[in-house]
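Working notes, beginning with the structure itself.
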Amino acid sequence: PSEEMITLMWSFVVSIYSIGGLLGSLFAGYLSVRFGRKKAMLFTNIPALLSATLMGLSRLCGSFEMIIAGRLFSGVSGGLALNIHLMYAGECAPRKLRGLIAITASTAIAVGKFAGFALGLREVLGVDALWPVLMAANAPPALIQLLTLPFFPDSPRYLLIDKKDKEGCIKAVKQLWGDGDHTAEIDDMMAEQEAIRGEKAKSVCDLFRDKDVRWQLITLFLVSSCMQLIGANVV
């Protein structure tokens, strides 16, 4: 192919990750309510492992299309995992640690980017013979989560509010927080359950029309836009 076509193909490889992330984000809310936070988190490992397989075997199969498809699935996994992780981790944390636990998502992203940069050095995996291994490097974290997450309970809030399973909620709380007195937290969840009784889940369009969260949305959009423009993604 011509030099212009090669540039176009590589640009598509890079940018299609964001398209996959958008698709994953749109389905994260539905999956987390339909199947629960834990099962939804387990589901995110499927596109992650699929992307690693496609990109890792792309050179052997002589197919650049596999890299494009792998990047798309990797984006879907990222869009799902980031949203569901925040939900699951925040709901599993006791109230006094909830803010701290929510920051783990940003910390993990930073560590992941650093690991990616480090593995991409020419002294490590960034050489002609090893780049398929580098592009399949997201498989080990996905496998670790797939093997360990089943031993964790589901979100207490999901069990109580969405599943109406109070006994399961109490059991999950004890497994996560120990055998102490957690009556206050459970009472808060019960009060929330009563407050939202009969209300339907908001869609994305409902969120944009809700004046109560208008300034919060504007703030998040501004912060996210600035993050895209500071140059980190270009690097």
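Any Cβ shown, glycine's included, is placed from N, Cα and C.
Over in TrEMBL, the protein carries these features:
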| type | residues | note |
| --- | --- | --- |
| DOMAIN | 1-235 | domain 'Major facilitator superfamily (MFS) profile' |
| TRANSMEM | 12-33 | transmembrane segment |
| TRANSMEM | 40-60 | transmembrane segment |
| TRANSMEM | 66-88 | transmembrane segment |
| TRANSMEM | 100-121 | transmembrane segment |
| TRANSMEM | 133-152 | transmembrane segment |
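Contact between the transmembrane segment (133-152) and the transmembrane segment (12-33) is absent: fewer than three CB pairs lie under 8 Å, with pairs separated by 6 or more positions in sequence. Most Cβ pairs under 8 Å to the transmembrane segment (66-88), among the stretches 12-33, 40-60, 100-121, belong to 12-33.
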